[in-house]
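> I am attaching a structure below and will ask some questions about it afterwards.
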Amino acid sequence: MTGFSKLAKVESKLLLRDPSAIFSMAVPLFILVIFSGGTSPGDTALPSMSMTIAVGLVGLYMVPTTLATYRERGILRRLSTTPVSPGALLSVQLILQLVFALLASAVLVTVSVVIFQAALPARAVAMVTAFLLGTSAIFAVGLLIAATAASGRAANGIGVLLYFPLAFLGGLMQPKEAMPELLATIGEFTPLGLFRQAVHDAWSGAATQPLLLAIMAVYALLIGLVAARFFRWE
């Protein structure tokens with residue numbers, strides 16, 4: 001077993017024991033169950049909203065808190081003296097968080113379809129594309145938080161404080177139709193708003209909006225580059 005695979009195994013066990021992982025899985029599932037009573041068979045809005053909440057919590061809460069805590073405890077610095085580099089740990093963490101987001105989304109899709117009779121995603125390729133681009137954009141924001149936060153607790157606080165306004169603007173707390181027009185328009189171009197709309201389009205079978213995908217790709221690239229520029233290993 002290589003050093004990278006050993007590291008992945010250890011980090012996987014730590015992730016499964018992390019209370020924030022349970023929180024990030026339970027909250028969207030709870031919302032799905034609570035609001036499912038007001039939906040009809042074949043619904044597509046609630047599942048896409050729940051998936052956005054799950055990915056948002058992983059990207060804005062789990063990713064920055066974990067990485068900033070590792071830096072605060074000197075784990076990244078100590079790894080620089082071993083055959084396993086800090087970059088390897090960063091790669092493992094991002095891969096594991098992506099896998100966790102995928103698993104959470106799979107659970108939500110299964111519960112939506114099997115229990116609440118929601119429609120299956122109509123366009124699988126569009127769904128995968130929207131998921132990967134949206135997750136990349138949201139994770140890039142999480143990396144920027146981790147890069148600039150002074151400690152794990154600070155990263156946690158910043159992530160939570162950033163999540164709720166983005167969730168509100170993105171239409172995760174109330175329908176866009178109930179929001180002032182200006183706020184609704186702004187929300188459409190936030191990472192969570194873009195992700196929710198792109199996933200909903202793919203789920204419902206609506207035509208892909210290339211602009212949404214392009215903006216998510218730009219967010220992922222630009223914010224990711226800024227995060228890489230300011231990321232500190234110690």
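Numbers here mean position along the shown chain, with the first residue as 1.
Cβ coordinates are placed from backbone N, Cα and C, and glycine is handled just like the others.
Copying in the features that TrEMBL gives for the protein in this structure:
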{"type": "DOMAIN", "residues": "12-234", "note": "domain 'ABC transmembrane type-2'"}
{"type": "TRANSMEM", "residues": "21-39", "note": "transmembrane segment"}
{"type": "TRANSMEM", "residues": "45-67", "note": "transmembrane segment"}
{"type": "TRANSMEM", "residues": "88-118", "note": "transmembrane segment"}
{"type": "TRANSMEM", "residues": "124-147", "note": "transmembrane segment"}
{"type": "TRANSMEM", "residues": "154-173", "note": "transmembrane segment"}
{"type": "TRANSMEM", "residues": "211-231", "note": "transmembrane segment"}
> Determine which recorded stretch among 21-39, 45-67, 88-118, 124-147, 211-231 has the most C-beta pairs below 8 angstroms with the transmembrane segment (154-173).
45-67
> What stretch, picked from 21-39, 124-147, 211-231, has the most CB pairs under 8 A with the transmembrane segment (88-118)?
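If we count Cβ pairs closer than 8 Å to the transmembrane segment (88-118), 21-39 scores highest.
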> Under a Cβ pair cut-off of under 8 Å, which of the recorded stretches 45-67, 124-147, 211-231 contacts the transmembrane segment (21-39) most often?
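The stretch with the most contacts is 45-67.
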> What parts of the chain pack near the transmembrane segment (45-67), using Cβ distances under 8 Å and only residues at least 6 beyond its ends?
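Same-chain contacts beyond the flanks: 18, 20-21, 23-25, 27-29, 31-32, 35-36, 39, 90, 93-94, 97, 100-101, 104-105, 108-109, 112-113, 116, 118, 131, 134-135, 138-139, 141-143, 145-146, 149, 152, 155-156, 158-160, 162-163, 166-167, 170-172, 192, 195-196, 199-200, 203.
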> Would you mind listing the long-range same-chain contacts of the transmembrane segment (211-231), meaning Cβ under 8 Å and 6+ residues beyond its ends?
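Those are 129-130, 133-134, 136-137, 139-141, 143-144, 146-148, 189, 191, 194-195, 197-198, 201, in sequence order.
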